[in-house]
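Engineer: Copying in the features that Swiss-Prot gives for the protein in this structure:
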CROSSLNK  LYS785  ubiquitin cross-link
DOMAIN    12-90  domain 'PAS'
INTRAMEM  420-440  intramembrane segment
REGION    704-715  region 'Calmodulin-binding'
REGION    717-742  region 'Disordered'
REGION    838-890  region 'Disordered'
REGION    909-948  region 'CAD (involved in subunit assembly)'
REGION    969-988  region 'Disordered'
MOTIF     432-437  motif 'Selectivity filter'
TRANSMEM  218-238  transmembrane segment
TRANSMEM  244-264  transmembrane segment
TRANSMEM  292-312  transmembrane segment
TRANSMEM  320-340  transmembrane segment
TRANSMEM  347-367  transmembrane segment
TRANSMEM  447-467  transmembrane segment
Amino acid sequence: MPGGKRGLVAPQNTFLENIVRRSSESSFLLGNAQIVDWPVVYSNDGFCKLSGYHRADVMQKSSTCSFMYGELTDKKTIEKVRQTFDNYESNCFEVLLYKKNRTPVWFYMQIAPIRNEHEKVVLFLCTFKDITLFKQPIEDDSTKGWTKFARLTRALTNSRSVLQQLTPMNKTEVVHKHSRLAEVLQLGSDILPQYKQEAPKTPPHIILHYCAFKTTWDWVILILTFYTAIMVPYNVSFKTKQNNIAWLVLDSVVDVIFLVDIVLNFHTTFVGPGGEVISDPKLIRMNYLKTWFVIDLLSCLPYDIINAFENVDEGISSLFSSLKVVRLLRLGRVARKLDHYLEYGAAVLVLLVCVFGLVAHWLACIWYSIGDYEVIDEVTNTIQIDSWLYQLALSIGTPYRYNTSAGIWEGGPSKDSLYVSSLYFTMTSLTTIGFGNIAPTTDVEKMFSVAMMMVGSLLYATIFGNVTTIFQQMYANTNRYHEMLNNVRDFLKLYQVPKGLSERVMDYIVSTWSMSKGIDTEKVLSICPKDMRADICVHLNRKVFNEHPAFRLASDGCLRALAVEFQTIHCAPGDLIYHAGESVDALCFVVSGSLEVIQDDEVVAILGKGDVFGDIFWKETTLAHACANVRALTYCDLHIIKREALLKVLDFYTAFANSFSRNLTLTCNLRKRIIFRKISDVKKEEEERLRQKNEVTLSIPVDHPVRKLFQKFKQQKELRNQGSTQGDPERNQLQVESRSLQNGASITGTSVVTVSQITPIQTSLAYVKTSESLKQNNRDAMELKPNGGADQKCLKVNSPIRMKNGNGKGWLRLKNNMGAHEEKKEDWNNVTKAESMGLLSEDPKSSDSENSVTKNPLRKTDSCDSGITKSDLRLDKAGEARSPLEHSPIQADAKHPFYPIPEQALQTTLQEVKHELKEDIQLLSCRMTALEKQVAEILKILSEKSVPQASSPKSQMPLQVPPQIPCQDIFSVSRPESPESDKDEIHF
């Protein structure tokens, strides 16, 4: 089977095992070189004993051993240590550190960077040696006499390697043998093991037992073994003296090949009892000397050389010829390689046929020897006519003749004919056919024939009759193994599993089978009774119970209850035991192998033999989410116990629960996330800070023309967006209230602005004259009409306007009122409930000039001094809304105060405005002509992209808008009529 043939040959990260093996007498720890403060990810037992700290206490502490600093620790040495870590260098220091019990100890500290396959420093290896005896004064009272001598002797004995390291290199003194780890650290980082996955390496001049060359060589040895098994019995039986030079050379070459095979066996790896590949030359030689060396050596002695000489005594020649049978021991090579050849069905069939033929050949040689011994009676020198050889000689026409001169019998069948006839008889007997042309006649021949028939029937029935049964019974596990492998291969091929994952699956199956030998542990345990099953489980988990102090106070019943709940898991390199985010539902004990804990793509811990990871279920009430990935670096054996099973046992054995909770220390708690900062991130932050510090900031002043231009574009965009959303007729009417002060008194007035809006405006806006009495300076209404459409919308704005005393008269006062309105335009809480006095009126001039404009059915507002409106169609009935509050954009549930406005105050204000307006218009008439063309061009450009805002205070000033521009919205300012209205009309 491949598992037994190849062994465990998957790439493994054996860094931890190599360091532990090389530093068996040293104390060391490993720190992550990619995380700030270089936290400790592993510490061996030697360091824990030397420092007094438990491994769980040291984990995640700084590799600089800052937790062991004290008052007497040299500050300069501390700085040098940090510089060594910062620069990823190798260095050594003498530093004074403090144990856990605060005992000061001098250490010889060595630091070496560990690189991965990309030549990136990922770990730091720090080794420690206690040199306190060399640093303390020797001539004090406590060190005199025999005490001083004993201390020096112990120091020189236990710290020989440290003394050599402390000795200057330029002194020509006798240098003792260094420790292996010290040699590694002194020779440089090239010899240090790398933290990476790699295939098992073989030393020089060592051949892998599963390589192509060794496989071919084994098949050659198999063929030569069968050659030896055939020729040795033939030469012994037929007493052939090797006079033929060709056969002698061939046999000599075969002997040389077997001698070479012995030499190769001293340099060939083998599979250990645990499935591992043994490549140590010393172990290989010892294993071969204890097993097959003696047998192989006896089978390779050159026995044919004795027979090659002419003058050799017949007895000696016969003896050495008989010793050739020892070469049949070479068949042991076939036996020990049989599991290699049984891997293929065709090879099994060929081997079985060859075995049958080989047995027939041996029996044929024996059959001829019996006939040759009985055919001539050496005592009487007569021939036995009842021998099968004599009968054969007569049947084939080559009878025996007696040579009287020599006194011997000559003639008879040739040796070839004799061998073929002997083989023919044995084959017919073994296959139970028996034609009878060659039959035994003497008693010895008959007895041999009976034995041969028994052997033949057994061979025939075994090999040819029960081949399927033999395979099923003898190779049941092998067949099941191959069946499982075939099923897995078909599954991987069917679902197109990636190649890398497929190799991991196959390697896991092979390694698991190699460890369990195909035995179903659960099935075997289910056969055993409860008591026996518990005893077996305690034996299987004995390593966990003996190594961890948490189980020392457990009773036999408690251990048996725990052992039954434990499960054994075998992990291949690269397998993930826990994924980040998974529920941690088991407590894991590492029995063999090494694992790494990866958080945020960084190694935060390396777990080895004796470590425990998982969660403290006995202290937490909820399941934890794994904060990191736990991945196997090598082939690992884990003993795990589920959360529910553990809590069940702890609840029953309360006394053990307290001891277990107190003594069990998790090497890695997957519930707690480790907070760290990567060195690369710190460097990036520093570079970003320096970049921002050196970056030149550009700022544009507030009054810069470019900033003003962009602000203007932004305001125009907002106006367009607001104009496009005015679709609710109830929101298009706002009533504005204003208060004015005249001669120190508060005068209240109401200005009604009516906005009629139809479809979206397509042309530029302009003001047009709407009143018949425009020549008189009593302007009743000024309208901004749109370009068609009958769907008009009215907008009323109510806003309080405070008229301050001393702000002017007439037009000046109106301008002041408008300025006050702009200052108070955000105060929407002063909206009144006064009825509107402004009514829409028809404009015959505008209807004549613009055919597309629909005539307004509303008449001009009729008013009198008493403020009574005579119009039969009021503005509050023109739209759908019936209440002025419904025209306001403020929420309906808000309460608004009302301020009644007398019509007399409004009339007085408008009269003053009329006179003031008359004077101002005369002054502006000359300027309007020049500005008319410019304004028209500006409005023409902006008309396609902008929509005027009806509620804007600027839109209420009629002096800045040129007349006779069609398709405009209507702004009408209603006031009471006066007798002088016709005189107050002014042409724009």
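Keep in mind that glycine also has a Cβ here, set from the backbone N, Cα and C atoms.
Bear in mind that the values here come from a model prediction, so they are computed numbers and not experimental data.
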Engineer: Give me the DSSP three-state residue breakdown of the domain 'PAS' (12-90), ordered helix, strand, coil.
Structural biologist: 34 helix, 14 strand, 31 coil
Engineer: Which sequence-distant residues neighbour the transmembrane segment (244-264)? Criterion: at least 6 residues beyond either end, Cβ under 8 Å.
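Structural biologist: Same-chain residues near the transmembrane segment (244-264) but 6 or more away: 207, 214, 217, 220-221, 224, 227-228, 231, 293, 296-297, 299-302, 304, 308, 330.
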Engineer: By DSSP, what is the split of the region 'CAD (involved in subunit assembly)' (909-948) into helix, strand and coil residues?
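Structural biologist: Taking the region 'CAD (involved in subunit assembly)' (909-948) as a whole: 34 helix, 0 strand, 6 coil.
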Engineer: Do any residues of this chain, six or more beyond the ends of the transmembrane segment (347-367), have a C-beta under 8 angstroms from a C-beta of it, and if so which?
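Structural biologist: For the transmembrane segment (347-367), the list is 226, 229-230, 233-234, 236-238, 334, 338, 341, 419, 422-423, 425-427, 429-430, 445, 448, 452, 455, 459, 463, 467, 471.
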Engineer: Under DSSP, the region 'Calmodulin-binding' (704-715) has how many residues in helix, strand and coil?
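Structural biologist: Helix, strand, coil within the region 'Calmodulin-binding' (704-715): 11 helix, 0 strand, 1 coil.
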Engineer: Report the mean pLDDT of the predicted model across the motif 'Selectivity filter' (432-437), rounded to a whole number.
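Structural biologist: Taking every residue of the motif 'Selectivity filter' (432-437) together, the mean pLDDT is 76.
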